[in-house]
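Have a look at the structure below, then the notes.
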Amino acid sequence: MVMFRYEPKFGFWQVIVTFIVADIYGNIMSLCLHRNSISVGASGALMGIYGYYMIWVIVNWKLMSTQEKVRSVMYMVMFFAINLMIGLLMGGVDIGAHLGGLLSGLGMGLLIQHKHIIAKLIGIGILVVSLVVPLFVWIFAIKYDQLMEDNVQPFPYQIGDTIKNQFVILKEIGSGSFGAIFSVRNINKISAKPIAMKLEKQQPKYSLIFNEVAVLRAMQGKPHFAKFYQCGTHQSYKFCTMELLGPCMIDIINRKLPLRFSLRATLKFGIQAIDALQLIHEAGFVHRDIKPGNFVIGNNKETAGIFYLIDFGLCKKLPPKYDRIAAPPRTNCFRGTLRYASLNAHNGQELGPGDDLLSLFFIMAEFYTGKLPWASCNDKSKVLEMKQEYLGGDLLHELPKEFLQIEKHILQLDFLNDPDYNLLSNIMKQIAIKSKIDLNQPFEWEDELDSLSEY
C-alpha cells in the first residue's frame, strides 16, 4: 500500500533498490535467528519500504499539508497495526525478516533522503551494523556448534569389532547422544542372520535400554513389534539385541515425489498403527514419543507391508485403570518430539493413550497433506498455539471429512478413559469403502525394499 502510494514521490529506482536491499537484509537477519533457513516471502522487503517511508515523512514533515500529515500517519498506523495483528493471530511469522527489512529501510532512508551528513553517517552505520552483526552471530553460532561436536567423544565401537565375544558389528544404523544402533551377526551361529543391537553408555540415574527391554519382553509374540533376543553389558555399555527391521516412514516418504502418502497408504498405515498402539496400551504402557521415525516396516518382501512400532526409551508404565484419575498431577516435563507432541505434552501433563493417538493423528495429517502448519516453527509455546488453532477442522481441509470424527474422539479422551480403537479403525475402513479403495492391495513400496535402508 505504502509502496505504490508513494512511488511517484520516491522515484521508481529508489523504491526498487530499497525493496531489494531490504529483502536481502531481511533474509540475513532471518538466517541469523533461524540458523539454517531464511524467509521466503516479501515481508522483509515491505518492512524496508515502510522504514524508508517513515524517514521520508520525518524529512518532509514541515513541507506537508495538514491533510497529508494526517493521511501519512494514518497509513503508517494502519500498516503497523496490520502487521502486528498478523504476527499475533498467525503462526510462522518471521520476526527476523521484519526486523532486518525495517532497519535497512531506515538506514537507506537516512542515507538517501536526509541532507545532513550526520544523518547520512547514521544511516550508513545502521546498514553496516544490521549486516555485520547478524552475519557475525550466525558464523559464531556455526563455529560453536562445530566446536561442541568436535568435543563429543567418538563412539568406541566400529565395524568389525566384537561385542561380548559373540556379536560382530556389520554396519552402523544410527547414533545419538544415548549411544548407537548397529547391525550385528552372532559369530557363534554358522547361518545366523543379521540382527539389530542397541548400545547405550551406562548411566547412574536413567537407562533407555532398561525401558526398551521391559517393553520388548512384554510385547513378545505380538504383531507390529520386533522379536527380542537378549540383553547384557559390555565394558561400560549396556546392550540389547532384537530383530533387524526395515526402513522407517521418513525413508519411505522420501523415496520419490510428491513426498507424501496416497489416501490408501495413509489409511492402511493408520489402521496398523492403531492396532500397534492398542496392543502396547493394553500391555500397560504409553509410548510418549510417537513420530514417523518410530514406525518401520519389515526387512523383506514378506514383511514390507507391515509396520512395526519401535524405540521404547521414553515409554512409561500406565497405572492400573482403577488407580487412574482424570487429571493426574502435572509433571512439568516435556516428553516427545515437538512437531508431533500432544497438547498435554506441551502443558507438562502426564501422558496417556490418547496422547499417543493424537501424535499418530498429526503423522497421518502430515503424510497425506505433505506438511503440518507448524513444521517450520521451533518455539514450543507458538507450536502449541498453532495446534490449538488448527485442531477442530482447519488441519483436515484436504482429508476426507470423516477424519473429523477421529479427531473429535481423540480430543475428548482424558487420562482415565480408554480409546475406542475399533471405532477409529472402522472409520478408516468406511473411508476406504466410500473412496473405492481396496485395503488388501499392497503398499506402493513393497516391491522397492532393496532400494531402501534398513533399521
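From the backbone N, Cα and C atoms, a Cβ is placed for every residue, glycine too.
As recorded in TrEMBL:
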TRANSMEM  12-31  transmembrane segment
TRANSMEM  37-61  transmembrane segment
TRANSMEM  73-89  transmembrane segment
TRANSMEM  121-141  transmembrane segment
DOMAIN    167-433  domain 'Protein kinase'
BINDING   Lys198  ATP binding site
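Away from its own ends, the transmembrane segment (121-141) comes close to residues 25, 28-29, 31-32, 35, 100, 103-104, 106-112, 114 of its chain (Cβ-Cβ under 8 Å, at least six residues beyond either end).
Per-residue pLDDT, averaged over the domain 'Protein kinase' (167-433), rounds to 90.
For the recorded site, Lys198 (ATP binding site), the DSSP three-state label reads strand.
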